[in-house]
């Protein structure tokens, strides 16, 4: 009977995630949010009552099964994957995905195998140059070369890559928990998290690869394998540039010379890895132009960005994005300066400092999509903080914005999300003398306080 209850909870979680990924449309926000709430209820029940040594292997196997179960679903919460296929088809035909906007091909009447009006009609940014980095492009190209005219099968190949990244991430979490002498059953916080499963193996977001390589770099740095760490740091850069913000945090734990070597070798390796895809000034110009357009036009689920914009509008009656960018940039530089020079230089505190750096970045970003906070959750496993876990169960509420087409953000939902997150964060910070450098708890197993 004791074993039947946890098995039942895992089965319930499995059924809920299958319904969510296979039989739920993004526009059906009532069903979508209800399934997320029910999934997180089952998830928290497992963490609260059945995350002990007796259930360690069960939870790990369940995490694997849940990921495999949703991998065959066509992504239902994003249409980004159509651009993945578009870029991959261009690569298989010998065309540069960074050279032209998708709209240019149709305007010129170019006839290419797999580059069809039907595929074009499903793109969410046909007037933008591709923004996906070299490592991702290589996966797109491989998937489309195996199945050149089959979107579903190409997506399955890409999803298989995500599954491998996720398995690698679970392996790195286990290794780092052991390295830091932390309770190994913390891995269930990531392994069973519905947002991780739905967004990565369900909806094909390549942040899964960035998280894997980032954790691998942390592990290699803790065992003094700095040269190899630099190479894998480059791989993380080639998926997303976000890990570059962690470079200053290496300065005090590793010293100036070693930090410089790690950063320099990582950046050089990233450039070398990128050369097959980005090799002329026009491509770089197109990428920079697209980043600029996204910053100007794409806002979603922001916190400080919306707040500063509202204050500016109230005072001046207009919006000056350049000024907002300068204010946000100044705040972030100040935060990074503090984290770099005024927090613990102990190497075991590196994940904690990285977590706060990423949190500051997300709070100041103009767009924070649900899958963006998963890296924060992964880093939090090596700290005593659980506010990223709370954020992971609050942020799916933002999908309510997609009830209408085009999507319209409900700022009441955004306000509720960040208010509850701030309340829990404040709850965690109370009683901690130094909230950045709170010492790690190394002996006891995970407690209810760590989960709630």
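Using the three backbone atoms N, Cα and C, a Cβ is placed for every residue, glycine included.
Those TrEMBL annotations? Automatic predictions, nothing curated.
Per TrEMBL, the stretch carrying the note transmembrane segment among 262-279, 280-297, 298-315 is 262-279. Counting Cβ pairs under 8 Å to the transmembrane segment (7-25), the stretch among 31-51, 156-177, 227-250, 262-279, 354-382 with the most such contacts is 31-51.
When each of 31-51, 58-77, 156-177, 320-342, 354-382 is checked for Cβ pairs under 8 Å to the transmembrane segment (227-250), 354-382 comes out on top. Using the rule of three or more Cβ pairs under 8 Å, pairs at least 6 apart in sequence, the transmembrane segment (31-51) is not in contact with the transmembrane segment (320-342).
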